[in-house]
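*Asks:* Handing you this structure, nothing more for now.
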């Protein structure tokens, strides 16, 4: 039987999602619990990995099991064993030929910064501190240039082995918060480090280091060296994974995706 | 020269305030930075210690120095060396015979709980998870019995060596938050574990395990064994330290002390 699990986690205490020999990872913690229940190793398959320090408000994974636990009991069974920084929101049985990597219809990411004269100890690990003055209009102008279908070579890690760097961005919004800004981006898919590079670039535009109107040229150049910065991991949240077009379209209609 | 420092810290990453040979402490981190600046050990004196995992939105300490740094430069000099979970809000020169322990006119503590069907990974270390149903009216009734001057033997750690357990509570308020409750208490001073024991008791009243009207009897009994629980450290915040009566009276007039 294959089960699909909706989870969230606070990335501050993890060396990323993917299992490693050394260091605490989300996959490692979850597989340890499944192994304890099954007495044999159980592999989980996520919608996507997240890097060290990156959070997920919504992430999916699936796993196969022979355990005779009724579907409605799984959530509690898993939650009662999970550490405090991973939560299980839903567990449902799916077809044994379903594979999340092939069925998801895009993702939403949120990047959170806060401003102010000094660092806030209670934002540590949760938002990126960015004390420099920002021009909202310039940022919004730059962000709109990314909406649509583009080759994101200039805005992805040069280390990525993926050859096709064309992706579709549905929305890229700037949201004023209590003490800073959230950047919310919805796309068909994202290249390695792409959100963190886009945000680093938009912040530099907001500071006046780049002209927003030059953005199309930088995209066109397909040259990663033009945009050398990557925003820190601690501000990044995987916000939604869209399992079908309907849920993606619904999200696109709403301004604020927090649910 | 003696300087008084206003600081805040996220207690999640510390084994309490007080210096220890092993483990990361607030005092240890700050004294390490001062020693690096002074080339000799420098001792800091806080308004009060906080236990492992307990936070401070406002804490004061003072220290003596011979360094020739102008008063307005100290804040930045300290902040630029502090780890992300300690912030320095103000540094001011005070009389060399000032001692914060003898001059403070009370404190305010906040205790934060959140409710919901499952734990929230993003509240980890910041609020205590308390999923049980609570009766607000019962809690408010119990809380009012603590306001005034009482012997708090029944509500303090039996390990405390302090003989006089009489303290004055000015206010004890229940505040509804987005996902739970804050308990806000303002007093002349607090015994060891007193806030965490008071909150544990009020939560039990809220669950219906005790009658709120029995509270005066429990206070009168002066017997710690009647109230056996202590609420976890992670929900507790030292919220204010009142350096004089005027600031305490000002705070007492306001409902919400977050500033």
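Glycine residues also receive a Cβ, built from the backbone N, Cα and C atoms like all the rest.
TrEMBL annotations: computationally assigned, not manually curated.
Note that this is a predicted model, so its numbers are computed, not measured.
Dumping what TrEMBL says about this protein:
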DOMAIN    A:9-100  domain 'Pseudouridine synthase I TruA alpha/beta'
ACT_SITE  A:51  active site, nucleophile
BINDING   A:109  substrate binding site
DOMAIN    A:142-241  domain 'Pseudouridine synthase I TruA alpha/beta'
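If you look at the structure here, what lies around each of the features I listed?
*Replies:* Secondary structure of the domain 'Pseudouridine synthase I TruA alpha/beta' (A:9-100), assigned with DSSP and counted as helix (H, G, I), strand (E, B) and coil, comes to 26 helix, 22 strand, 44 coil.
In sequence order, A:16, A:17, A:193, A:233, A:236 are the residues of the chain that are 6 or more apart from residue A:51 (active site, nucleophile) and have a CB within less than 8 Å of its CB.
DSSP classifies residue A:109 (substrate binding site) as strand under the three-state reduction. Residues within less than 8 Å, Cβ to Cβ, of residue A:109 (substrate binding site) and separated from it by at least 6 positions along the same chain comprise A:184, A:185, A:190, A:195, A:236, A:237, A:238, A:239.
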*Asks:* Per DSSP, what is the helix/strand/coil residue tally across the domain 'Pseudouridine synthase I TruA alpha/beta' (A:142-241)?
*Replies:* 36 helix, 29 strand, 35 coil
*Asks:* So what pLDDT does the domain 'Pseudouridine synthase I TruA alpha/beta' (A:142-241) average out to?
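*Replies:* Taking every residue of the domain 'Pseudouridine synthase I TruA alpha/beta' (A:142-241) together, the mean pLDDT is 94.
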